[in-house]
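Accompanying notes for the structure given below.
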Amino acid sequence: MSLEVNSKCLAFHGPLLYAAKILKVHNLPGESEDKEGIPANLIDKECYYIHYQGWKSSWDEWVERDRIREWNDDNLALKKKLVEDARESQAIKKKATTKPKKADSKKKKTAGAAPEEAAPTGPRIIVHVPHELKIVLVDDWELITKDKKLVSLPCRPTVGELLDKYYKEISSTETSPVVQSQLQEYCKGIRLYFDQCLPAMLLYRFERLQLADYAQEPLHTVYGAIHLLRLLTTLPELVASTSMDEQSCDVIVTQTDRLLLWLAQQKDLFHSNLYENTSSQYEGVALGM
């Protein structure tokens with residue numbers, strides 16, 4: 001199905017996909033049309049003027065190609081999953097902020113039931129993931145879970161190389177010794193977190209078999225940008241399991257938001273040719289793990 005005028009599609013608005021209709025198309029090969037109304041930053045790009053179904057026309061907007069998905073069963077399933085994930089995330093946050101009633105606690109203690117696993121009670125932080133990186137994460141999910149592809153390893157650049165480059169670039173613009181020290185400690189901490197968390201938290205089931213080939217190596221010397229991005233988006237969960245003080249949390253949020261913005265500017269780090277096809281043998285073993 002092609003994305004053409006008057007066709008239905010799905011479009012990202014924030015982290016979710018919504019049903020939409022394409023009203024205008026700009027910058028397709030061989031086409032030339034009136035460019036009036038197109039934002040300056042989209043003039044030289046393939047973009048679409050869309051109407052979100054059920055929304056007021058004041059929400060109509062020009063969007064880049066990477067915010068559009070064709071109307072098909074796979075993308076409708078993705079739309080549903082994103083909604084379910086968002087609801088689950090909201091439920092977890094609500095549960096974490098709701099204190100159990102004392103009477104309920106006493107009842108559980110006297111009932112003799114096995115204790116339930118407690119929700120994290122540590123500090124809560126929010127990191128701000130740029131929209132373009134949210135799209136990268138969705139594409140990553142599709143390539144691995146639906147297309148059964150893998151990130152080619154070892155990556156270039158690796159997580160370690162990226163953090164070194166980031167530190168050199170940012171520290172050269174900082175005059176405060178305190179901020180430079182915080183930046184250095186942050187990069188060291190992220191590298192350590194990455195090596196510890198990747199096997200249990202940062203891999204899809206389909207990727208676990210691939211890890212076996214590199215299990216004896218420091219993982220920050222093997223994996224690259226997309227797995228670093230996965231780590232940064234799970235930091236709130238990791239921090240919630242610690243007793244970190246408020247000042248340390250503030251530093252982590254500031255540094256993480258800054259690193260995410262930097263990653264969003266590195267356009268060559270995230271593209272589909274970083275992934276490779278797998279054999280039917282690998283697929284059979286990996287899915288049976």
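Quick reminder: no glycine exception, Cβ is built from N, Cα and C everywhere.
As annotated by TrEMBL, domain 'Chromo' applies to 17-84.
Look at TrEMBL and you will find 89-119 tagged as region 'Disordered'.
Residues or ranges marked as compositional bias 'Basic residues' by TrEMBL: 92-110.
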Subject >> Per-state residue totals over the domain 'Chromo' (17-84) - DSSP helix, strand, coil >> reply: 21 helix, 23 strand, 24 coil
Original post:
Looking only at the domain 'Chromo' (17-84), what is the mean pLDDT?
Top reply: 82
